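J.: First the structure, which I've put down as structure tokens, then a few questions once you've had a look.
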């Protein structure tokens, strides 16, 4: 009883010392972590001491203002409009791992948002009407249980990340009245019922998705650069596929005239601006006299030509068709006067000058922007489904940036949707126009179920476009990682087997078409899902067009897909490099882990790792996983010579399929 009597005084003494700041680290270690989190947050976010959070007042922090607990843990913290002024410090509220609702609206908090990734149970986050700044908080993208996100009326800047689609449970998303710029991502949250991005600096066409189509123009207002059918605002005709649609200079236009001096095919000569009227009149008179002289000279040349032609018809002079005079003609020409000999020479020079001018005109005309032809490939030649003008007018949505260029989704005025890849001019400058055309004629003719077909290509003035079919089902990377929780299991192994076979068939087709053809950039982002969710390779055979010696550094995942022999070298990829990348892809399929997180171990150790990543007990589909793991390990050996060919890989996969079918047909299993 004596101990129970003194215990409250003991705690009161401790709390008094903590509130006074004596030995904070020692006493904080004696407090519940949630209480420490609140006090730490108050120390930087409540500079005006509006919150009476003090352990001298009451030890039960669950009764503090705005706090709600469940089983001794804080699950709600609502401090809206309480006059907070300060900054949201890191390692404070992030300790509240049971927090469901966090509301700090209508205060004067400033600075960036700290790392909130530890709030794994957070469902509602209200940070509106403060002075927060910086980029969109990246840690928010990992809060997969989040349903309400409101960060409006702050000073956030930069782009809205496309990874926001990972928050697939969102019902409310309010980003209005910040400083966000760039394009609007293609949001696809099926439960989203409240959405607002008004009052930002967003630009480009608003993606027409089932989610965004639910909202009217009020959700997008005060973004002058936005356009599209959702807000009924026409987009500018300028095509995003070129750095500039008006690059014409005086040297590029025909006959030395600028593009601005052309009007409906007629060349308009601008008047010469002078300061004195007398000089202007003199120029006019001089020009008239010169023109008259040219006319007279032209008439003389015509008469001379007719006379010579008459004499040639009479046998006086007849040149050899090959340009070589016969002996009698040479003797005759030597007896002719210089005037007679000069006439055919003068006439010949005039024709040569005409031909030279025609060639110069044609070469100059080819340098006019947009004068290049849109070249269709394969069976698309006879179809001609669209023109270059239609592509230039198309509304475009940025899909991504790759190692060789930028990819857009283009919606043409006839509602046809295509994918346009604009190649990086700096990286492909080493390839001449003729070499590019020859290569595209070969690659553009490749047709296989597991290849995204190249429909057409275009090049002019250093700009190069490649047009593919559009695949709305997205990439294999999105299927594997996408909006799935990091705790979700990887794809079912039968799906892995089917996808692996599709990819192997596509690679084998490329390799057997020509020994010079390789994919060169195989990874999950370059594999698209077809109409029946078959795997289709894209961006194939483009690495040969780039300058490998000046390649920019890859991200860790892309680098992990590269074979060791080319990872830090300027060597060109080979078919065995594709095989290596295929082995990496199998492990990404089986484990759901990015390529940069794959270990490099012996096959039996790799099987243990795969099984651990899939959270499967030993013996569960063990034989099948073992065969798949062994195939991946063979593809991923360091020595290129020891790697199998894609034909051998296909046989391995078919053996796995046959083993599966035999087990499924066994009546005793």
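Every residue number used here counts from 1 along the chain in the order it is shown.
From the backbone N, Cα and C atoms, a Cβ is placed for every residue, glycine too.
When I checked Swiss-Prot for this same protein, it listed these features:
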BINDING   399, 400, 401, 402, 403, 404, 405, 406, 407, 421  ATP binding site
DOMAIN    393-669  domain 'Protein kinase'
CARBOHYD  473  N-linked glycosylation site
CARBOHYD  594  N-linked glycosylation site
REGION    318-365  region 'Disordered'
REGION    547-569  region 'Disordered'
SIGNAL    1-21  signal peptide
J.: Might you list, by sequence position, any residue in that chain lying six or more from residue 594 (N-linked glycosylation site) with a Cβ less than 8 Å away from its Cβ?
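T.: Listed in sequence order: 481, 556, 557, 560, 588.
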J.: Quick one: what's DSSP say for residue 403 (ATP binding site), helix, strand or coil?
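T.: Assignment for residue 403 (ATP binding site) reads coil.
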J.: Would you kindly give the Cα-Cα distance separating residue 473 (N-linked glycosylation site) and residue 401 (ATP binding site), rounded to the nearest Å?
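T.: Computed Cα spacing between residue 401 (ATP binding site) and residue 473 (N-linked glycosylation site) is 18 Å.
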J.: Could you check which of the binding-site residues (399, 403, 405, 407) sits closest to residue 473 (N-linked glycosylation site), going Cα to Cα?
T.: 399
J.: Determine which residues of the same chain, besides 399, 400, 401, 402, 403, 404, 405, 406, 407, 421, have their CB within 8 A of the center of the CB atoms at the recorded ATP site, and list them by sequence.
T.: 422, 539
J.: Among residues 399, 400, 401, 402, 403, 404, 405, 406, 407, 421 annotated as binding ATP, what is the maximum Cα-Cα distance? Answer in Å.
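T.: Between the most distant Cα atoms of the ATP site, 14 Å.
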J.: Of all the recorded positions given, 403, 407, 473, which has the fewest Cβ neighbours within 10 Å once its own Cβ is left out?
T.: 473
J.: Taking every protein chain in this structure into account, which of the binding-site residues 399, 401, 405 has the most other Cβ atoms within 10 Å of its Cβ?
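T.: Of 399, 401, 405, the one with the most crowded Cβ is 405.
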J.: When the pLDDT values for the domain 'Protein kinase' (393-669) are averaged, what is the result?
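T.: Average per-residue pLDDT within the domain 'Protein kinase' (393-669): 86.
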J.: According to DSSP, folded down to helix, strand and coil, what is residue 594 (N-linked glycosylation site)?
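T.: DSSP call for residue 594 (N-linked glycosylation site): coil, neither helix nor strand.
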